[in-house]
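Lifted from Swiss-Prot, the feature list:
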| type | residues | note |
| --- | --- | --- |
| TRANSMEM | 33-53 | transmembrane segment |
| TRANSMEM | 77-98 | transmembrane segment |
| BINDING | His83, His182 | heme b b562 binding site |
| BINDING | His97, His196 | heme b b566 binding site |
| TRANSMEM | 113-133 | transmembrane segment |
| TRANSMEM | 178-198 | transmembrane segment |
| BINDING | His201 | ubiquinone binding site |
| TRANSMEM | 226-246 | transmembrane segment |
| TRANSMEM | 288-308 | transmembrane segment |
| TRANSMEM | 320-340 | transmembrane segment |
| TRANSMEM | 347-367 | transmembrane segment |
Amino acid sequence: MTNIRKTHPLAKIINNSFIDLPTPPNISAWWNFGSLLGICLILQILTGLFLAMHYTPDTTTAFSSVTHICRDVNYGWIIRYMHANGASMFFICLYMHMGRGLYYGSYTFTETWNIGIILLFTIMATAFMGYVLPWGQMSFWGATVITNLLSAVPYVGDDLVQWIWGGFSIDKATLTRFFALHFILPFVALALAAVHLLFLHETGSNNPSGIPSDSDKIPFHPYYTIKDILGALLLILTLMLLVLFSPDLLGDPDNYTPANPLSTPPHIKPEWYFLFAYAILRSIPNKLGGVLALILSILILAIIPLLHTSSQRGMMFRPISQCLFWLLVADLLTLTWIGGQPVEHPYIIIGQLASILYFTILLVLMPITSIIENNILKW
């Protein structure tokens, strides 16, 4: 009798995705982040669901409802901090996952890569709206600054901003719709993640060497299930260390002050995982130019497959490209640091140089380096 997991219509899908899936034998720990992202997403949906049971999306009670969750609800504090720090872990895994894709040339699976970019935008939108919900000072002013950027759109900008606000300023209508969208978008992300996997399983996984491994595959279970469990344990350990020892390490103290439209915080800044994009936005003095640079800083990923000029897939055997990749990582860390600094000398010029370098590496230096490396290999 054939095993039920291979015949049952539903079990068959799970079997072909997580059990009998042919997998390259040499994929490293950098391939763990996909499963970790899945765990993060499920964790965020579950903790978010329990938070939504006690949260009230109303400008007068939102802040106190979050306080109530932390003080009065059974284990409310741990749920709240797991949700807040879970978002940070989510973005750490996301950036690692994308870095792996860039380094090893996984972007040559264009459908998988493009779905990934849409997923990134979805999760960034979700995280931004989630930051608004506690209705602290940084929630309110962060939302004001970011939504105001849409007024840079020619002709329809102001109408667009008022349409999103649901009025002439950020108020009850804005908070309510942000809560509704913050609740629904993770489920959209879940569906997109399924499509992401669907396209990935059409081609099979890439591997560190970049050489096709069709002739040499091993089953996903037990080899990679056990490896993923190790990754998951390390993820949960890191998250719980953060939650239990320094839950406010990555947050902003200003968000413990209830939102006040009459008092602007001295430094308005988003959560740490958006600081690199915020630095790029601020590095351009023109409003529309800044907004375009902000969007392009992420959308640039979509043209990476078109700029792939190397005869090799990954960077494993390309030392010059490796140097450029790590320069890009250092540049992004610099941008993250600059995004959290006040707009004054020398931070302005450092931010502008780092922004120029970011686009130069991706658009100019990497394709040229690949061509040079191709020619070196011909000798």
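The backbone N, Cα and C atoms fix where each Cβ goes, and this holds for glycine too.
Distribution of Swiss-Prot features across the structure.
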| residue | record | contacts (Cβ under 8 Å, 6+ apart) |
| --- | --- | --- |
| His83 | heme b b562 binding site | Gln44, Thr47, Gly48, Leu51 |
| His97 | heme b b566 binding site | Phe33, Gly34, Leu37 |
| His182 | heme b b562 binding site | Gly48, Thr126, Met129, Gly130, Leu133 |
| His196 | heme b b566 binding site | Thr112, Ile115, Gly116, Leu119 |
| His201 | ubiquinone binding site | Asn16, Ser17, Leu21 |
- Are the transmembrane segment (320-340) and the transmembrane segment (288-308) close, by which I mean at least 3 Cβ pairs under 8 Å that are 6+ residues apart in sequence? no
- Query: Sequence gap of 6 or more, Cβ distance under 8 Å, 3 or more pairs: do the transmembrane segment (77-98) and the transmembrane segment (178-198) meet that?
  - Reply: no
- Query: Does the transmembrane segment (113-133) reach the transmembrane segment (288-308) with at least 3 CB pairs under 8 A, where each pair is 6 or more residues apart?
  - Reply: yes
- Note on the structure: Spatial neighbours of the transmembrane segment (288-308) not adjacent in sequence (6+ beyond its ends, CB under 8 Å) are 98, 102, 105, 107-108, 110, 113-114, 117, 120-121, 124, 149-150, 152-154, 276-278, 280-282, 355, 358-359, 362-363, 366-367, 370
